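Novice: Please find one structure pasted underneath; my questions will follow.
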Amino acid sequence: MKIVLAYSGGLDTTVSIRWLKETFKAEIITVTVDVGQKDDFKKIEERAYIAGASKHYTIDAVRQFANNYIAYAIKLNGLYEGVYPLSTALARPLIAEKVVEVAKKEGAEAVAHGSTSKGNDQVRFDLAVKALYPDVKIIAPARIWNMTREDEIKYAKEKGIPIKVESDKYSIDENLWGRSIEGDIISDPSLEVPEDAFEWTKQIYNKKEIVSIEFSNGVPTAVNGEKMELNKLVDFLNLKFGSHGFGRVEHIENRVVGFKSREVYEVPAALGLIYAHIDLEKTIYTPMELRFKRHIDQLWSDLVYQGLWFEPLRETLHKVADEMNKWISGEAKVEVSNGSFRIVGRESEYSPYSEKIASYNKGWYPSDEMARGFIEIWGMHSLIARRVRGL
């Protein structure tokens, strides 16, 4: 039997290699997908072999993640419950896709992952695999063995397995779009998140900085006039915005699996780019377009968070987003300082904004007759309803 395991190099999946091998008497093939995490992939490969893998794949998917996933998170202002930029959720279907590709290539009977029965990731991974490879068996060791973190460490030591324990306190998941932090006192929502939990958003600079971001068809293409590939641009802004202490998200999140959790993320580039994109949309879209766009933004964010990347509606929303973002080209100027972020200017050739019309100091004014007629018609529904109801 061959089992292909989605392998991060962390504690859960490292222990899974030996457990799967011994439990199923199987050959274990590990797959690590590079989606922008700052890991030593050579060491991860070595750890996989020592733990018992017969073959290991390291797959570079950074550009694909940026161009096919992050680009749409920007075009569709992907913020789950208005705050979380979907950093972890967004990467899962791509990782699953690469694992399935290896499983098909190797003729594996099963694929495995390290998600627990409490997490959203089990839903995302399982549904992605079912969509891409319906006949393959899915194994989630952590859903079967119910070992605690301490149990896993003990098991690894007993088996002589080298493990990477990211921190005595925290469990970290990281990719190009963000960093999530769990563990220690974070699960108590009444307590402040300790400063030592953060890595990307430690404030280095005390002076404010103005940053110009250029967009073309809804996707950022340049920073301060310098053209960049999207993955490089995101990486650059993670450092730029994070060094000013900006990009922390802490909130109570409604999980897919039926309960609320306290979640903490570092997402400096993600938040900054989405905020800038939203501002350009407000500058360019008509009121009706803007209302419609906000509706599909929320719908898309919910689909991605809930593990429904392969839902047909998500593909339709991408087509709508491509069409609507044809007009979202221009420049947003942002100020970042001391953990804060604000838009300080914007311009676009597609903006209907007219200073001549909008200014109170000069230019066009409607006549008194025009204003009175507009107000009368605008309020007619409400005024007549009040009259007939005797209000």
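Sequential numbering from 1, following the chain as shown.
Quick reminder: no glycine exception, Cβ is built from N, Cα and C everywhere.
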Novice: If I go by Swiss-Prot, which of GLY107, GLY114, GLY119 binds ATP at the same site as ALA6, TYR7, SER8, GLY9, GLY10, LEU11, ASP12, THR13, THR14?
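Specialist: The candidate from GLY107, GLY114, GLY119 that Swiss-Prot ties to ATP along with ALA6, TYR7, SER8, GLY9, GLY10, LEU11, ASP12, THR13, THR14 is GLY114.
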Novice: Out of SER8, ASP12, THR116, ASP121, point to the one nearest GLU253 (L-citrulline binding site) in space (Cα versus Cα); all of them are binding-site residues in the record.
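Specialist: Minimum Cα distance from GLU253 (L-citrulline binding site) across SER8, ASP12, THR116, ASP121 lands on ASP121.
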Novice: Which of SER8, ASN120 (the binding-site residues) has the most other Cβ atoms within 10 Å?
Specialist: SER8
Novice: Quick one: of the binding-site residues TYR84, ARG124, SER171, TYR265, which has its CA closest to the CA of SER8 (ATP binding site)?
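Specialist: Closest candidate to SER8 (ATP binding site), judged by Cα separation, is SER171.
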Novice: Using C-alpha atoms only, work out the spacing between TYR84 (L-citrulline binding site) and GLY10 (ATP binding site) and round it to an integer in Å.
Specialist: 24
